Amino acid sequence: MSILSTLDPEVADAIRLEADRQEYNLELIASENFVSTAVLEAQGSVLTNKYAEGYPGKRYYGGCHNVDIVEALAIERAKQLFDAEHANVQPHSGSQANMAVYFSALKPGDTILGMNLSHGGHLTHGSPVNFSGRFFNVVPYGVSPETQTIDYAEVERLALEHKPKMIVVGASAYPRTIDFAAFRAIADKVGALVMVDMAHIAGLVAAGLHPSPIPHAEFVTTTTHKTLRGPRGGMILCQERFAKSINSQIFPGIQGGPLMHVIAAKAVAFKEALQPEFKQYQQQVVNNARTLAEELVKRGFKLTSGGTDNHLMLLDFSGTEITGKAAEEALDKAGITANKNTVPFETRSPFVTSGIRIGTPAATTHGLKEAEMVLVAGFIADAVANIGSDETLAAIKLQVNQLMKKFPLYAKG
C-alpha cells in the first residue's frame, strides 16, 4: 500500500479501514464472501489494461492472444465445474447475466413467472422497480403461508392460467432446497422455457450439496462471488443450441469490452472450486448454517420456514416491535454485519422490514466452525435484546473482535 498511501492517502485509508473491518468484524451477509489471495492477485493484475471486445479468437482488437488464454481457461473450467454445454464468463454482474438471457429468449411484453421479491426472490426476477418488471408482463409466485416454502401447486396453477414464455427460478433469501425438476415439469405443461438464477447456491451446487439446475433448465445464471467465492461478477451457462444468441446478447447486445482482470480472477476461482478442499468448505458452510439456525431457535428466534437447508436463514420479527432496520443497526454496533430483509407476507416498508438475512459463507472462509456458531448465536441474541444500549453493544463488539482475531483472514505482510 506504500505507493497508494503516498499518492492518495484518502483512498488508502479507506481501504485499510475496510481491510480491518473484514478481519475483525463478523461478516454474516449471505451474499458476501472473501476471495483468496490468488484471486486478489489475478484481479489486481495488468489484465485490467487490456480491451478485448468479442470472444477468444474473434476479437475486435489486436494483442489479445494472452487474454484469450485466460478467458478460454475460465470457460472450460466453468463448464467442467457445472457439467454445462456452454459458458459465457463475460457478464459484469448477475443482473446483466439475467438481462442477456431475457433479451435472447423473450420479446418485450412476454409473460414470465418469477418469485415474489418479498417472498425471497430477486429484483431481476420481475420486480416493478427493475428493468425485468418494466419490459415484461410479470406474474409473481411465492411461498405457502403455512410452510413458508415454495408453493409448487400455486406455481403450476399460475403457469396453466397465464401460459408464461419463461419461468424464472431462484432466490436471494430462500433458505430451503429448490426442486428444479418440479419447475421443469410445470414448464413442460405450458411449453415454457426455464431460467434458473443460482447466484446464491452456486458453490453448493458445484460441491454437490444442492441439486444441480443444469439438467432441468435451458439457461442457468449465477454470480461468481457469494458461495462460489470468486470475484464479483456474473456468468451464464446454457445448452449449446442457445450459445450463439447468448453470446451476441452479452456482446454487442448489452456490454462492450469484457473486464479481463475479473475474468482472470473468475478462472482462478473456478480452479479453486474444482479442488477437493472446496467441497469440504461448502459442507462446513452448510453445517455452520444448520448449527446457527438451531441455536437461534433455541434462543427464541423465529426463522422463516423454521430453519435452513443451505447457507442462509431469515430471522422473522413480524408480530414484534423489533424491525429489521433496528436489528441491523444494533448488530452493526456489535461488530456483526448482516442486512435487513423483507419476510414473506411482509407488512413493513422495504426500508424498514421485519427480517434479518444471515449467511455463513464468509464466516466459514474465516475458519469458524460449529462451536463458534454457538457463540455467534449468543452474540446475535444479546445484540437484538439490547437494541438502543450502545454500551452493551460495544461490549459485545469487543467479544466479537476477540473471537475474530483467532481466525485471521489474510496474512499480514
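Backbone N, Cα and C define each Cβ position, glycine as well.
Under the heading (6S)-5,6,7,8-tetrahydrofolate binding site, Swiss-Prot lists L117, G121, H122, L123, S349, P350, F351. Marked as N6-(pyridoxal phosphate)lysine by Swiss-Prot on the basis of sequence analysis: K226. Look at Swiss-Prot and you will find H225 tagged as site 'Plays an important role in substrate specificity'.
L123 ((6S)-5,6,7,8-tetrahydrofolate binding site) is surrounded by 16 other CB atoms, counting those within 10 A of its CB over all protein chains shown. Take the recorded positions H122, H225, K226: by the count of other Cβ atoms within 10 Å of each Cβ, the lowest one is H122.
Under a cutoff of 8 A between CB atoms, and with a sequence separation of 6+ in the same chain, the neighbours of L117 ((6S)-5,6,7,8-tetrahydrofolate binding site) are L123, H125, S127, P140, T342. K226 (N6-(pyridoxal phosphate)lysine) carries a helical DSSP state (H, G or I).
Here the Cα atom of S349 ((6S)-5,6,7,8-tetrahydrofolate binding site) is found 28 Å from that of H225 (site 'Plays an important role in substrate specificity').
Counting only same-chain residues six or more apart in sequence, the Cβ atoms lying under 8 angstroms from the Cβ of F351 ((6S)-5,6,7,8-tetrahydrofolate binding site) belong to K325. With the fewest other C-beta atoms within 10 Å around its C-beta, P350 stands out among the binding-site residues G121, P350. All chains included, 11 other C-beta atoms sit within 10 angstroms of the C-beta of S349 ((6S)-5,6,7,8-tetrahydrofolate binding site). In this structure the C-alpha atoms belonging to K226 (N6-(pyridoxal phosphate)lysine) and P350 ((6S)-5,6,7,8-tetrahydrofolate binding site) are separated by 22 Å.
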